Structures are given as structure tokens and as C-alpha cells.
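A.B. asks: A single structure is presented below for examination.
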């Protein structure tokens, strides 16, 4: 065997903050009303030989003072010399060393604990002294009775306190043997169902045992004289099951000795023990069976005293009802009904709990109880009725006290008393008015070690008033921990549902209220579990050889381990002979004393693992040098002690072959129903060889026994002699009785037949009764050998009462309970009406209808069934499956409703409804059409990567199969991946007709992960993800659906570009161009030393959109070119013309790249030549200007971040000034109203350095890179911002 256990920190589960505070050490300066922590039982019985101690313990601050009431009056403890009260306690001790009678102190006591803030009360303690009176003196005449007659020997023990336990013995102090015929009743009397001559061989004495005094008192014995028709001879044959006919004892039918009559009743309280008793007389001895009307006996029921006593240890309301006991023998049967009524003393539903409030806070105390009859609720405050102490800040509403705007000084202890005629409940709950900043109540900087993958609790007990808010943080970062992997309890405990290695760290809990805050830290270490990886194995060793058990362990390296060995669950003493090393235990020269079970236990401070194996020592002689084997079969089977339904079987076990026998299996074969088939009867422990077998009547038994050990099962023994049990009436009720119609004018009554071994006699038949329910008509019946009967010519779906009984030639068996069956169903005649829809959504719709009259269902109502189908999609050209679907709604209300779910968005549906019984559907309702709203699209059909070279990646995708609305585009997110490290997320948006994208690779070693989702007006659909292959393994990648990546920063609002020279520079601008068909926006965050870079663009391939290629430089060109340019500004003009030319080329390419192959167009070749010529001229002009010594203010400022709007100086040059007073905060951008808006950009360090590169679609990758200092990047390489302007400077 191999077991593993671990320990973990157990967190407090108390949801009441004030109760939590009471369990933990609070500052001595915290004032607190009294609380009762210990008291004596309500019904307190004491031993008169001992001193009397009545307990009353309470806590509070200041320390409470105690007083007592006795029988409702003040009890002056100081005036009674025998009574003392313990120091700092209210416990009373009454001593009788100097005389006095304990009986003088009997009565009702109640303790009061008081301090400046209130008074708490104990229960009313009823003190009684134990009594053990003697038997009354009486002379008992000999009891004369005829053999076969019933007899009751009365006990009538003296009424002790508590009542004594009774039992029967003879004068020789030997217990009276009890069985089905002779047994003791619940009242202590001894019952004989019938008297036999052998009963006169002893006398009978009732004994009473008193628990408190530990004394046993014996009643004078009864002497029994049995009158017989012939001498008694104590011999019987093995096959004789009739103990009476051979002695000419007259057989008699059963009659009840207890209880008497045909019915009786009993009342029992909820939670108490229920004991019902039926003892019957008769010859032969009757057997007792129990039933409950309206259902089977539940699992709580125990049958004791040979089935004569039915017992339920803890009664509940559902145990009430009619119980029937049936006594039967072969002469007849008799029944008795016991009506059990369950009442209840008050019990808690919601017990009032202590309440801590701050001044001017509101609160409530709730005292909710139940009972039968319903308890009365009485409220007290500090032990006085609440009505006598009015207070405007509280209001009593039944079982609740409501507090409003409480004030300092109104602290008190409230008592709730719930009572009815069966008992009472009393609970104290204080209301404490405190004003206190948060305090941590647990140890500081606690270290918790847990085993990986285990549920873990980190405690942070706290207190404060008003009730502080508590939050948890990990490693001092992030937002509060709650939800998902974590759960925070109101008492401050943090639950980690499954501790993983990454959960290791320092956790900080912070409690805060309006008066302040306080924090505490818990350090969590997650350890690997301790495991035995090579466990000891069972083995056999020849005496004198060596045995070795392995125990190899794997554990966390930081946890010290301790390995111990046990033998037969006791510590193993190694001594000089046994040797233990790190991984094993060696036993040299084994002998018989070494045989046993060895257990290896490996412990750390937080978990342990165990494994066990057995060592078997074999003899060293040659005949014993064999391993363990299956046992030999038992021999010499013998039958004895025959009875009506039992017999004793004895056998001699065979050789166990060095493996002890663990159990014996007894099988039987009968020669009437299944001749030659052996069946298991029962199994018994391996240390038994004589057992009593319980048998069924009318079976010709033959038995055999098999032995089982750890190796396997022996061969069967030789069969025993046969034993024929006598026939008897059936004692089993056929199961699964039911009645149901197979067509509209019949009812088929069916049941499960009795097993062959349950027939109990020849010619088994079934008696079936039926009648219309609630009509008063007589029963109809039929006797049949079949297992069903069809009643013809019934009305449609009407209820019938049905019962069943099995009988054979010996007599009838017990009747079944009455069940209700129904005749057949017909088609419903009416449809549901006014079917309509309400609030259609994208995937579901609410439906309403008017129900049918129940009489038109013509059967058992099953459901309202909706047939619905998708008629069409509102997306043009999309073909749909028009297969009909159904959904059932079970509703019997006057205005039924339902919800159809799993609908396709943006679709046209039709539906109708029918009512259905269990066999048929009714006519259809009105047909209804409805339209679902637009939803998010399905996942794109595919996303593929075609890596044509090491310089770029091309993505292609296909539209979703179900767009679920009008597609408005696609969102593509991508980021670099390097093992477990990922880069910042970049977001691209495309219009719906774009199904490809080309990304220029700045570094051939970079790998990307792409996430694609389609969009409708409702939102983005499911994400399809794919990862680019390594450049050395370039093949097409298949797409996979994954959870969406972390959400990107929200898109910033559009910002109009101002031409005013007074507008301060903004770190980010947005250029918005509106066309008749689409609006395209591009947001670019300017690069700074601490500002993340985000490039977000929306493109449409067939439209001319400004700034599609160089969105960051377009504003510079727009504002740098004016009609009055100075010569000194020629270079920026060159640059902007250079940029604009390439923009035009990019836009033109984007427009036509999906239409024609422009590489073969003559006009395109000519255009390219003209552009090249213009560029050459511009470059020559620029170089000439530089050779003349022109000064460019831009060059002096080239290392500063580029601004969205450039300021001109007086000389017409561009002034890239940096005014720290006017510049907005880093990471922000100007809003439309000129204010500073916090940036949502979070994609830091986009671009991996190197020269800027152009994508095929004209976008520029790497044009903005952030220059970081060495410490911030932790040694990563950084690159200087690169742009076309800087490129021109470098040329110059």
C-alpha cells in the first residue's frame, strides 16, 4: 500500500468579523461586553457522593462580575458556608464535607455575567440529584404455563434518575440467551413468543444497572414450570426443522404481545431516537417484517432484536408517517400500524451573532428559529425584557432587532429566547459601539510553506470599527487579488485554489477604514511534494537469508526529510542486526520473528508519504522451499443446528501454502430451478470455520466452501449433504409495480417477478387488485402466473389505485403499498395560443404563449414543445440549413414563458408550438416569424503564413463561415515571441475586403505570433492565432484558435491638427481623412525616452488615403511647405517632396495591387523613370546648398523627439524647441478641447533597432524607436531613432 498526506494552513471560516475578533488576542484597551464561554447542561444530574459544581465562565473587558438566581430569586452565595464561587469565574462549588444533603440544593439555577457594557446570561440549569432506589420487596410465585403458549415476564425496574439499564440473567449470573422466540422488550420485560419445555431448565431474574452509582440491583428470580404433553428430549436430527409437531404442540397463528390492538401512535421529538417495537406470539415462531406506508424504509432505519425493533437514531420531520409491522408464520399473518408524529423543540435557523458597529452606523440582530409548534420569540437586553427599556435607536420587528444611527455608550448584551411546549433556546449577542482604526491580529511577516498543487490559505486576521476593507497584493504590485485563481474571505483569509510554483512570493494584506489603515505580510514558499518513488514490495525469504526493502524518496531539496520504519504499525527497533541506509532497510538472517508488515514513512515539516510491504519467512527444509501458493480447499463440511431458515455449516481449513487465508466463500446449489449452477451465498473472515447460514424456504440446498488468500482462490471443497428447507408463504413483495396505458382505452399493470429463491413454496401466483381512484368503487382483482395484466375498456387517462400480492400453496405473502396508475393517453385536442416573441437578441429570444386547458392534454402533461428553424440569413448570399429543431418547456403557470437559445445571429427564424403528453403531440399553434440581432462573427475560416523570404512575412486569411452580421473589418494583433518572452502587441485594422497582409522583417531571426479576429458592429469575434516558423524552417503554418491576447490600450480619440503657431507640441497626433465610402484613421505615438510606441492604422487597399505610407511625416510636410519659403528651408522641402513622391507611389500601389500586374504596364515604367529623375535633381540641389555652407537649425536639434506640430522661427527655419513648462507630460496627448489626456498607449520599445524599413503596403516599420539608457533596458541593445530626415542628414 502507498499513501500520501500533507498539511496546510487552515483558515478561519467565520464570516462574522466581530466573532472573529473575539477568538484572537486584542489589545487590553479594547472594551468588550461579556460573553458566556462555558456553562453546565440545561438538565444537570449530579452524583450525590460528589461535590456539586455548576459551571459559569465568561470573558469581557472589564472582567465580568458574576451573580446567580435560584428558582427565579437572587441566590446569595456568601451567606451559605457550603457554597463558594471560583476566583475570576462564576462557577459554583457546593461541598458536603461538613454535612448537608445534596437534595436540598436541587432547583433551577441561572448565572449572570456583567460589566460596564452589559450583562450576559446562561441557560436555566435544572439541577437534580441522581437516585438509584431499591426493588420493592415481593414474593414471586412459580409461573405455570402450557408448552406452546406465549409468556411475558415483567421487570418493572424502580424509577431511577436517570432511568436504569435492564437485562436478564439467571441465579448463576449467566445471561439469558435471546433469539427470535425469546427476547427482551423496550420496557425491560422478557417475552416468549411460545414456551418450550427446555425453558423450565433455568430461572429468570431482571437486573437494573444505575449509571451514576455504578450499581446493579437484582430482582427476585422467576421460576418457570412448563406443562407438556410428552417428556422433553434434548435431541434433534440434522434435517428436522419442525420443533413443535414432533412434540404435539398445537400450531397457532400470530398474535401481538406488544403493542396490542390493530394500531397505536407515538410522538417523538426531532433529533431524538425513535424505537418502534412489535413482538408476536405463535407456533411456529412468527417472523417480523416492517413497512412504511407511501414509501420504502430509508437508509436511516435499523432493524434490531431479530427484526422486532425498528430504530432511527436521529429523527427528522420526513420520518413521520404510518409504520406497519407484519408477523407471519405458516398458519397466518397479522398486522399492526403505528402512527409516528414528529414534533420539535426549538432549533436554530439563524443564531444571533455579536455585532460591532461604529458610531452612526446601522445594523441588525437576527434570531431565526423553527420548531413544532412554532416557537415564540422573546428579546431581552442585559437580562431584562426589551420592552421595559425603550431606545429610539432600535426597533424590534418579530425575530429581528434593527439598529439605526447607534451612538457611543449604547453597547449592551441582547438575549433571544425561543420557546415552545417542548423546550427553549437562549442565545446572547452583544452590540458593541467602537471607533477604532484597523489592527492586524496575526503574527507579523509569517512564513507559510505549502506543497505544490494543493489548496492554500493565507490568514490575515484583522479588526477595526467601522469594519475595515481588506485587500491582498502580491509582491507589492498590481491591483487587489480576488477572483479566478484567488478568493478572499470576509475574515481576511486569502485562498489560493491550487498553489503553483509561480504563486511563490510575498503577499501583503491591507486593512483600511476611515480612521486609517494597517498592513501585514505573509511569505509563501511552494515546495515539491515528498514522494516514495521506489516503494517496498511484498517478499518471501527463507529463514537465515537476507531480506531487503527499498524506500527511495524524491522531495524538495529545501525541506529536510526524516525516514522511519514501522513493523506491524509499531516503531521498529533496529538494534545491532537490522541496518537502515538512505534508500533501504536490510534484515540479515531472517527468522520467524521478522515476519510481518514493514512500513516506510517519509516526513517533512509539511507533508509525508508512506508505503508498506509484507515479509513472509519460509522454512529452510527442502519440502518448504517453495513460494506462496493458493490454499488447499476446505474439507469435512458438516451441517448442524437446523432451524426453519438457518443452519450451521462447519469445515476444516486446508493448507494455506505460506499465505494466510483472508476469507472463505460459501456457495450453494439447488436442484429445482437451476440444477448444477453454483451461486455465492455469503463470505466470512479467514479466521472462522463455523458459520450460521441464513436460508430461504422451499430450497433443497447443497453447500461448498472456497478459501482465498493473497495469491488467489482455492479449488472448491467437496459438496455438503443436502438440506431441504420447509415451504412458507412468500415474504417478499414484487417490486416495480406500475400501471400505464398502452393505448387510449386500456391500462397495463406490470411488475418484476420474484426470484426463484423468493418463491418460498410451490405454485407461485400473483393477486392483482385495481379500482378507480377517489370514486369509492369496489376493488377488482385477478390471479395470474404472468408478470402483467391488462385492464380493458377504460376511459382515457384516468387514475387507478393498484396493489399486488404474491402467494403460493402455503399461503399469501405481504401486500404491496397502494400505488397510482393511469389508463392510456390520447392526442391532445387543443393547441397553445397567442405564441409571440419578446426581446429578440443575437442568440436567444424570449417566447410567451397562452397555455392549454389541462383537460385537453388527455394524458400526463410532458411539455410545451417548440419547433423552430432558420429560414434564412440576413447576410446576402449565405445559404443556411433549414433543419427543424425542438425545445421543450415544462410549465404549469398561468402565463408561461421560455427562452430559445443557441440561435444564429442576424437570421430569419420561424417557429410554432405544440403541447405534448408522454405519447402524443397536439395540433400546432400559430406560426411566428422573428429576426435575431447582429452578433460577433465566427472565427475566420483560416489564417495562413506564407514566408517567401527572410525579409518579409505574408499572411492570408479567409472570411468566417458565419459572419453573424455585416462584417466591418478585421483586427490583426501581433507580437514578437522568443521562448517564454513576448514583445509588445501591435494592432492593425483592415476593411472587410482585405484578406492578406505583408509584414517586413527587421531581423530574419525574429518570430511573430499573430491573432486575427473578424468584426461586426457588435464587436470582435473569436480569435484565430498562428505563430511564424523559424527562418530555418520556413513552411506554411496552420492556424489555431486560442484565447484572445491581453487587450490592447483603448483607441484614442481623433485629434484635429491645428495650424496655429501658438499650439504647444503634442507627443501624438491623429490624421483623419473622410471619403464618401470609408473613414480611415491612423494614430502614431511620438518616440520619447519614456513613452511607449504604438502604431495603429486602418487601411483600405482600393482608396487614396493620406499618410498611409509615412503617417508620421505627413504633418511635417503639410506645415513646412508654404508659398513664402526661404532658401534656407530648401532641404526640408526636398525631404517632404521626397516623402510625398513615395507616398504617392505607395498609395498608387495599394490601389491597384489587387487589380493588375503593374510591372508590365508601360505607363508605370515611364512614371518610375520620371520620379527617379526628379529625385536625382532634388538631391543635386540639396548638395549644392550644403556646399555653400547653409545652416540648418534642424540639424542642431536632430536628437530631440519629433513633434506633431513644428514651430517656425522668425527666420523661417523650423524651431524644434523643447520648453519643459509647456510640454505635456510624457505618455499623454492633447485632447480635442486642448487639455492633456492620459495616454492609453502601452506598447513600449516597438522596433528592434536598425534602419527603418518599408513594408510592401507602404507602412514604415522601425521609424520610431525609443532610445533607452543602459540601466532601464537591463543590458539590452538600444538603437537611436531613425527617420527619413535623419537618413538625409547622414548623407549630408
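Glycine residues also receive a Cβ, built from the backbone N, Cα and C atoms like all the rest.
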A.B. asks: In TrEMBL, which of 1031-1071, 1072-1112, 1113-1153 is labelled region 'Disordered'?
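C.D. replies: Of the candidate stretches, TrEMBL labels 1031-1071 as region 'Disordered'.
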A.B. asks: What range among 992-1010, 1011-1029, 1163-1181 does TrEMBL describe as transmembrane segment?
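C.D. replies: Checked against TrEMBL: transmembrane segment maps to 1163-1181.
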A.B. asks: Looking at the candidate ranges 686-712, 713-739, 740-766, report the one that TrEMBL labels region 'Disordered'.
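C.D. replies: That would be 713-739, per the region 'Disordered' entry in TrEMBL.
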A.B. asks: Considering only Cβ pairs under 8 Å, which range in 136-223, 346-432, 443-525, 733-826 makes the most contacts with the domain 'Ig-like' (34-122)?
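C.D. replies: Counting Cβ pairs under 8 Å, the winner is 346-432.
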A.B. asks: Considering pairs 6 or more residues apart, do the domain 'Fibronectin type-III' (633-728) and the domain 'Ig-like' (253-341) have at least three CB pairs under 8 Å?
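C.D. replies: Counting Cβ pairs under 8 Å, at least 3, so yes.
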A.B. asks: I'd like the per-state residue tally for the domain 'Ig-like' (34-122) from DSSP, helix first, then strand, then coil.
C.D. replies: 7 helix, 47 strand, 35 coil
A.B. asks: How does the model score the domain 'Fibronectin type-III' (733-826) in terms of mean pLDDT?
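C.D. replies: Overall, the domain 'Fibronectin type-III' (733-826) comes to a mean pLDDT of 91.
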